[in-house]
Amino acid sequence: MVLIFATGIGNVGSVKNALDFLGVKSLISNDRKNIRKADHIILPGVGGFGEGMKALSRSGAIETLKEEVLVKKKPFLGICLGMQLLADFGEEGGVNKGLGFINGRVRRINPGANLALPHIGWDDVIVKVNSVIFQGIDSPVFYFVHDFFLEAEDQTAVIATCQYGENISAAINKKNIYGVQFHPEKSQKSGLKLLRNFVTI
Amino acid sequence: MLKTRVIPVLTIKDLRLVKSIRFGLYRNIGSYISAVKVFNARNVDEMIVLDIDASKNGLKPWLITQLTKECFMPLTIGGGIKTLKDIRTALKLGADKVTINTAAAQNPEFLNEASSRFGRQCIVASIDVKKVAERFEVYSNNGKRQTGKSVKEWAKEVEHRGAGEIFLTSIDRDGTMQGYDIELVKIVTRSVSIPVIASGGAGKLNHFVKVIKQGGASAVAAASIFQYTDITPNKVKDYLAKFNIGVRV
């Protein structure tokens, strides 16, 4: 079973729809028992960093999540804000502490004078490391919608980037932990393929 | 490179897919759910669905569920978004963004609240504009109420208050297929730094090129052209690509 972590603020519905479409059994929950039972964990998310961490704390499941991901090494995928929350801290709406799974900070994109923010739309993803999650995706164009991104301290954790005025991390990976800044659940065939790749890890 | 989006707009009234002309003369053109399925199968970039009745009768969660089940692309929901709870419901059921029009005209503070609560990336300010005595006037209530605001000041205000995108519709061009109002689009894209989705008037392939190159639109929305002609969003993108406009193919 794939657990879609119910943050209360994320777009959990669309991740569930995508997994249903793929015929993958999933459950939207933040119940500790369910987190322990899950084979894969997805942390979706839209919205601000501070609100996101607050929602995670409210769930009372952060410790369980840490145990399942860091100790038991369950495959974990953070999507958009769900990826950002993996950082040590975020700068959106004041400085807020993150989960600290990936060392780094979440900061606003500096796109330069000619590009609009938020970074909204379909953009080219440059795959740096031939990761299992990108397997079989010939044309990696994904849907992004964000102002902030995770700037990782360890650049080897950045497995894909996107050029938007500056190089932003599009996907990260450290052991069993994956994160994507774009929305696979909204990126049509390429996105569905990525989700399929993740759940078959 | 960030792609220029081509976005079909679907309008629902009395649970039927309709197309208006200048925000009136609604014509029933079929089933919205089959239209959603077709556009999803055609791998479109994004979709905007507006439920006209929702402004009177409230949001229909079942309708949003029905749409998101068929839609593996970004989906923006509009019509009847009046409260933070409405936004929460829409997002929870799988919508990615909401467009806000009348509620923002009545209470601009609503944009601030919505944006700080859910992040500005999901808050789209819908601005409907009619030219009155050579001035671009903003209308709310589905084109029925003149707000007294000029488009330039209102566009700046919605950006300032936290909208992440502007969905800009020319009421005068709606359903006419005579081309986008380039002057209007230009005024708005030059006043703000958030993405602007141009809407109203697309009828020919070169209309899209013009509104992007001359108007500065980040995305192009259209309805009639996809319903009444054999032009598909993919045809539009193939055409844009010939003019060196980056699209997702």
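The first residue you see is number 1, and the count goes up from there.
Here the Cβ of each residue, glycine as well, is placed from N, Cα and C on the backbone.
Under the heading active site, nucleophile, TrEMBL lists A:Cys80. Using a 10 Å Cβ-Cβ cutoff, A:Cys80 (active site, nucleophile) registers 31 neighbours.
Taken from TrEMBL, the feature active site covers A:His183 (among others). Under DSSP, A:His183 (active site) is assigned to coil, being neither helix nor strand in the three-state scheme. The number of other CB atoms found within 10 A of the CB of A:His183 (active site), across every protein chain shown, is 25.
The annotation active site is assigned in TrEMBL to A:Glu185 (among others).
Residues or ranges marked as domain 'Glutamine amidotransferase' in TrEMBL: A:34-199.
Across the fold, the C-alpha of A:Glu185 (active site) and the C-alpha of A:Cys80 (active site, nucleophile) stand 11 Å from each other. Just so you know, the Cβ of A:Glu185 (active site) picks up 31 other Cβ atoms within 10 Å once every protein chain is counted. In the predicted model, the domain 'Glutamine amidotransferase' (A:34-199) shows an average pLDDT of 94.
Here A:His183 (active site) is positioned 7 angstrom away from A:Cys80 (active site, nucleophile), judged by their C-alpha atoms.
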